[in-house]
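K.L.:
According to TrEMBL, the feature domain 'Cation/H+ exchanger transmembrane' maps to 54-158, 213-451. According to TrEMBL, the transmembrane segment annotation covers 42-61, 73-89, 109-126, 138-158, 211-232, 244-267, 273-292, 313-346, 366-386, 398-424, 430-448.
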Amino acid sequence: MGDSSYVAANATRGAFNPIYCANPDAMVMNGLWRKKTNLSEFALTTYLVQSIFFILLSRIFEFILSPLHQPPFVSDVLVGIIFGSGFVVKDQKINEIFVSKLGTPLLKLLGNFGLMYVMFLAGVKLDTTLIRGIKGKFAITTAALFVLPICFTFLASFKLGLGKHLIPQETDIRRGLTAYSSTQPNPMTLNDTEGFIKEIKRIGKQQRACFLMFISLALSLTSFPMVLYKVTKLKIIGTEPGRLALSAAAISELVGWVALAALISWWQLHLVAPLYLTCWAILWIVFCLVAVRPAIRWLQCRTPSIEQLTNRYVGLVMVGVAAGGLVNEIVGMHAAFGTIVLGLAFPAGPLAAVLVDRSEEFLTNFMYRFYFITIGSTLDFGSTGGRIVRTNGSKNEGLALMIVILVAMACKLLCGLIVAVSFWMPAKDGLTLGILLLINGPLNYYVLKVAFAKKV
């Protein structure tokens, strides 16, 4: 990338975030009886207060929302919204504890750690025998899931003017160049000026396309862990809509993590990185199927009974899962992608049953909840009104975004009806499949969280 590209890229970036320096020794407190001791000054103490209160409050919300049959993560997000931005709770002393700069990073760390292992367990719990014999239907369902929602959502976002603020106006660029040239001893020539304007507009168009893809992904993907949770709870995992939804959601989850990593690289103007990440994803899937799956089968043959599966084997698998997540993090993928591939490649057997039985409750009911709590804490409704309308974008971006959401939902419902019509299924099954494809989960929220963090 040339100098003009570098300058243009940095011209579109936002301001630097403030840096907070924590005291490395402020981990545990020595007693509340000491003078001038504040709970929010100690990381472990703050984390314990946050975790106890957040989990209890989330359980209360879960009980209140139980008549609506909402998944548990809804109550977790509500807890994060209430205490995250400080918009609902105005008391400064309470916010110092529940929005602490010391305890909150620990919540985020444990939340992502829980996400990594819950993705692995979701892949382990999927019985691949349930989706055998539906290859034709599976292909059409998957194609409709990705082609229709993503394309129509992208087209609707483009036509409604979302993301126009990312393309700077030529008059603004020239005004800025004029002010910049007046401070330089050697002003830019006419050719340099025209080249710079073309370059910065090209980067703006590229970043708008990336912005629209972020929206399309967040609205079009189907969460595999949430679909698995819902079809299991509704006891339709053995029905045709349940099997089709599970198979399509599994592919959606895998492609979604790869697409997210590619979009992050694209937004940062690393144009070759998406190709490398796609190749790595294919290699990782092949490695798990060719090397990891036979190794697990060999291990299960040596310990055929559940009684012989001690915690040593469970711990060995958990370390292997962490290693798989580490390798993917080093390459540039999220650790959750590596672990869900490992889970899907994990063969059914006593070892898989023991893994789920001994670790699922703790991971899903404790660590995994922190992931959604921290996502809710990033939402700041107090500043939303100033971000809805932009001078260079659509005059009614809030309304436009609602229309795009409705388009994405309609496309997913259409996916189910297309499959039903194509294979002579009852219309009720097609509608059930479409509703299952509407289920969102951690990946959808992570796309929005990354977009917010990257100032997309």
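Using the three backbone atoms N, Cα and C, a Cβ is placed for every residue, glycine included.
Keep in mind that what you see is a predicted model, and the values were worked out from it rather than measured.
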K.L.:
Under 8 Å, at least three CB pairs between the transmembrane segment (313-346) and the transmembrane segment (398-424) (pairs 6 or more apart)?
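P.N.:
Not in contact, no.
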K.L.:
Which residues of the same chain, at least 6 past either end of the transmembrane segment (211-232), have a Cβ under 8 Å from a Cβ in it?
P.N.:
71, 73, 118-119, 122, 125-126, 145-146, 149-150, 153-154, 157-158, 162-163, 166, 242, 245-246, 248-250, 252-253, 256, 259-260, 263, 340, 401, 404-405, 408, 411-412, 436-444, 447-448, 450-451, 456
K.L.:
Grab the same-chain neighbours of the transmembrane segment (109-126) for me: Cβ-Cβ under 8 Å, and only residues 6 or more beyond its ends, written as numbers and ranges.
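P.N.:
Those are 224-225, 228, 246, 250, 253, 318, 321-322, 325, 335-336, 339-346, 352, 355-356, 359-360, 363-364, 366-374, 442, in sequence order.
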